[in-house]
Every structure is written in C-alpha cells, then in structure tokens.
Amino acid sequence: MAASGFLLIASFMLVLLVLARPLGSFLARLIEGDPFMPLQKIEAGLWRCSGVKNVEMNGWQYALAILLFNILGIALLFALLMMQGALPLNPENMPGMSWHLALNTAVSFVTNTNWQAYSGENTLSYLSQMAGLTVQNFLSAATGIAVAFALIRAFSRHSAATLGNAWVDLVRITLYVLLPIALIIALIFVSQGVLQNLDGYLHITTLEGVKQTLPMGPVASQEAIKMLGTNGGGFFGANSAHPFENPTAFSNFVQMLAIFLIPCALCFAFGQVVGDTRQGHALIWAMSLIFVVAVVVVMYAELAGNPHLIKLGADSNINMEGKESRFGILATSMYAVVTTAASCGAVNAMHDSFTALGGMVPMWLMQIGEVVFGGVGSGLYGMLLFVLLTVFIAGLMIGRTPEYLGKKIDVFDMKMTALAILVTPAVVLLGTALALCTDAGRAGILNPGAHGFSEVLYALSSAANNNGSAFAGLSVNTPFYNLLLAAAMFLGRFGVILPVLAIASSLVAKKRQPAGNGTLPTSGPLFIGLLVGTVLLVGALTFIPALALGPVAEHLQVWLTH
C-alpha cells in the first residue's frame, strides 16, 4: 500500500511538471504582452465593441477595474438566481432562490470560492448553471490570474508606473488560456462518461421496483472549468463523488492535474518573466515539499482509520466511510489534499467522514492561505507574500534592508504584506467565534463536541480562503450562515487582492538594485527551507489553539480511549 501511494504521488508530480512547463512559457508571453497573432482580429473587435482602450493602468486603476468588474458580476448573478423560475432552460421548473441563498451563491462563485449551501440538481436550472455559474467560473479564475500577472510585472519592471490593462488581461486569459484548455478537458470527461446534454431528468424504475430520478444536464462543460479554474462548485450536490461528474479513476486523475496545472505553470512563468527561472523553481520546490508531506499524512491517517471499528466487528479499521470504492483510500486522500492546497474545494469524498487527523490536514492547508500551488493566480501571489515576509525576517537577522529580485522592500510593502496575510485568519477566527457565541450559529451544529467545533471552523476557513469545500454535517442554508459566509468570502478575496495590488504599485516604481555580496540568495535550498519554515510558523502560531479545540481534541478522544 505504501509503494502504491508513493507511486501515485510520483506519477502525479511528473505529469504535472511535464504539462506545466510549456504552459508556463505561454503564460510568460501573455504577461509580457506578446501578441497572439491568430486572435488579434477578434481582440480588436472586442475592444471596439466594448469601448476598451488598450492602454496601461496604474495600480489603483487596475484594482478599481477588478473590484467593479466583480461587484457587477455579483449583481448580475444574484438577479439571475432570483429570477430563474421565470427564465428558459428550466425543464424541471426550479423556482428562484431565496434572497440570502442567492446572495451567498453569487458572492461564492464570483470570488472563486464556490461554496454551495444547496444541491445543484434540486435547486438550479440549466440556464443558471451555464449562463450563471459556469460563466463566473471562467471570470473568477481570470480575475485571480490577472492579479498575479500584475504582481509579476511589478517585479520584472523597474522605474515604471503601470501594471498592464485589467480588461486586456481578463480577455486574453479567458480567450487564450481558459477556454481552449477547458474544451480539451471537457472532451476528455465526456469520453469517460461525464454527462453533457440539455435533456430533462429521467424517471426510471430500478430492478427492485423503486422509482428513481436520474438528473441530467451540461455537466462536462462546467466540470472542466470547475477544475481548471480551481473553482470547485459541483453540478450535483455530491460534487466529484457523483459518478455523473467523476466516473472513473482516470477522470479523477485528470481532475487533480487540472487543479494544479495553471498554479504550477504560473510559477514557471514567474521565473521566465523576472529573468531567473531558478526563482520559479524555488517556489515549486517549496510548494511540493509541503504538498507531498501533507498527502503522506492524510494517507497514513485514513489507512490507520478508527481503532474502535475492529471492536465493533468490522473486517478492517481503515476509514472507507464517505469514500467511493472506485477511487479507494489513496486517490481519495490525495484528492482531498490537492483540492484544499489549491483553492478549489471540489471533493470526491465526504471530508466530514475523514478521521480527525485526516480532516485536519485539508483544513490547515486552507488556513495557511492555500499557498501550496493554491488557486489560479491566488496561489502564486499568496506565496509571494510569504516570500516577502521571509526576506524581511532574513534581513532582520543579518541587519540588512530586505530586498527581493533587486527591489528594496520598504515599510509600506511590509504593512501591506502583513495586512494581506492576516486578513483571512482574522475573518476565520472572528467568524468562528461569532457563530459559536450566537444561537443562530449553534443551531446549525448537528454533531456536538470537538467535531461540531471543527465543522464550524472548517466552514469559516473554507469561505474566507475561497476554497468552498465543507464538513457537510453543518446546516448552513440559513440566513445567518448564508450572510456570515458571504461576508467572509468577499473579505477573504478582496481583502487580499487589494493589498497585493498596492504592493505591486509600490514595487513597479522602484529601481532594480544589482545583487551584492550581502544579498540573500532566493533560489537555493537554504531559502526554500526558510520559506517553508515561515509558512509553517505563521500557520502554527495563528491556528494551533483553534485546531487544538477541534481536530486535535477529537483525535486524542479516539486514540486515548482505544
């Protein structure tokens, strides 16, 4: 079993790196503004129709464009979800959502969180799935990548005032990257048996004589961008555990690759654009080290399972509860780590049924900011925030002004870095405290004790870090949780994006200093170790007290009573 686990990890990383390197080179061309000749005429037509001028923006113009674009997206999606009962492509006559669920869902999909307090097959029309959620899956992914593009340009340019054009970046990312790759992935999914139709639901009689309804729908097209854009919102309530979304072991492997593909490619692109490929390789090494250890820990925890099962007459104590037998323990454990290391949130098993230790690792990966490859765009700029913090700490230790890639890191940069790193932990911990201190919050807890606390902590961690997965034992489709989690998702998304763009605006104006004898090398093993240590230390200091009350306490309860 151990050999199979390591073979799965090794094969996944090998295929990922082989695919990500050429994509990284293409992304580097987009960042540097190289024209893509076959689509230049389409671009020009889009600029004319939309009235967009292809001129560069400064940091605040870029931030304002991104913010207004996403707020408009929330408003339009909210209206669509409220009115879906009166709109076409609704063969099952689904009514409009309640206002608080519609608001939660709109904020969720626009912020790339895809938190779902509903089951899609029982709640949404095909129009809402296609024109609402799928469109935002593309646009929210493009938003994250565009912010990463702006930050990369800030490091590669010097003595400049602009970061690119937000509208141009959004269009090019969608047209040149997301749409073509999503089309290829969708065709792979269809070949594996994922649904893609606009038929009404099938009403059948099983061999046992029981009536059953089989949901239909355009699943593959949404599933592709759901994974590629690290969105994670399922067409069905069971998400990628549903055989109509993820039918085979091969489709499961492709889904994991799709989640990490763009985040890994952006690291390669970063190294190429700044003129030192070793910088991108260092980020990949740091991310990979944390990722591999996390996968091994979850595999071990789920294979160790629950020692009380043998006493109760089970054949084995391995934890297969909530898992699909077509995937097994190893692939399920790895999927859980992939989806929470990235800001995806898709699940092929029920995380609420994991062991205490197996469930704690995905929760912790979200809590450290999802910087282990992370979401499309957000993973890279999140890790670069930790790079700046690491450089600052190293500068304090040797008594030098911190610098990274020849750019001096000043007080303003560190204030914005600290703000971006601390905003999501603050939202998570304050939101959890609010939920536990109010009757409305406690009413949603179905499992009392340490696990109930873990469910609330997981929900806020998932929302604030724009992940979207859940410990599903928490009843969240209430006005209290819909509004609380909507606020957490919005603050977690734009409370990081705005400081990141402020940092980019500051860095792009600075001169690049030549490396000297006292310059800290940022591409070697020493810096990689220091970076990993900084990520772990910040995560430990922030969340260990909360984790001790939840999954750690639950783990001790299980094993100390054995």
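Placed from the backbone N, Cα and C atoms, the Cβ positions cover glycine too.
For reference, Swiss-Prot has these:
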| type | residues | note |
| --- | --- | --- |
| TRANSMEM | 6-26 | transmembrane segment |
| TRANSMEM | 63-83 | transmembrane segment |
| TRANSMEM | 132-152 | transmembrane segment |
| TRANSMEM | 175-195 | transmembrane segment |
| TRANSMEM | 253-273 | transmembrane segment |
| TRANSMEM | 283-303 | transmembrane segment |
| TRANSMEM | 327-347 | transmembrane segment |
| TRANSMEM | 356-376 | transmembrane segment |
| TRANSMEM | 379-399 | transmembrane segment |
| TRANSMEM | 416-436 | transmembrane segment |
| TRANSMEM | 483-503 | transmembrane segment |
| TRANSMEM | 526-546 | transmembrane segment |
For the transmembrane segment (416-436) and the transmembrane segment (526-546), decide whether they are in contact, meaning at least 3 CB pairs lie under 8 A, counting pairs 6 or more apart in sequence.
yes
Six or more residues out from either end of the transmembrane segment (283-303), which same-chain residues have a Cβ under 8 Å from its Cβ atoms?
1, 5, 9, 13, 17, 264, 267-268, 270-271, 318-319, 329-330, 332-334, 336-337, 341, 354-355, 357-358, 361-362, 365, 371-374, 379-380, 383, 387, 528, 531-532, 535-536
Cβ under 8 Å, sequence separation of at least 6 from the ends of the transmembrane segment (6-26): give me the contacting residues as numbers and ranges.
176-177, 253, 256-257, 260-262, 264-269, 271-272, 280, 284, 288, 292, 295-296, 330-331, 334
Determine which residues of the chain contact the transmembrane segment (327-347) at the Cβ level, with the cut-off under 8 Å and only residues 6 or more beyond its ends counted.
1, 4-5, 8-9, 12, 112-115, 226-227, 230-234, 239-241, 249, 252-253, 255-256, 259-260, 263, 287, 290-291, 294-295, 298-299, 301-303, 318-320, 354, 358, 361-363, 365-366, 370, 372-375, 378-379, 462, 465-469
Would you mind listing the long-range same-chain contacts of the transmembrane segment (253-273), meaning Cβ under 8 Å and 6+ residues beyond its ends?
12, 15-17, 19-21, 23-25, 27-28, 31-32, 141, 145, 148, 152-153, 155-156, 177, 181, 185, 188-189, 192, 223-224, 227-230, 240, 246, 279-281, 283-284, 287, 331, 334-335, 338-339, 342, 344, 346, 348, 373-377, 379-380
Does the chain bring the transmembrane segment (483-503) near the transmembrane segment (63-83), so that three or more CB pairs sit under 8 Å (pairs 6 or more apart in sequence)?
yes
Should anything in the same chain at least six residues away from the transmembrane segment (526-546) have a Cβ under 8 Å from its Cβ atoms, list it; otherwise answer none.
282, 285-286, 289-290, 364, 367-368, 371, 383, 386-387, 389-390, 393-394, 421, 425, 428-429, 432, 457, 520
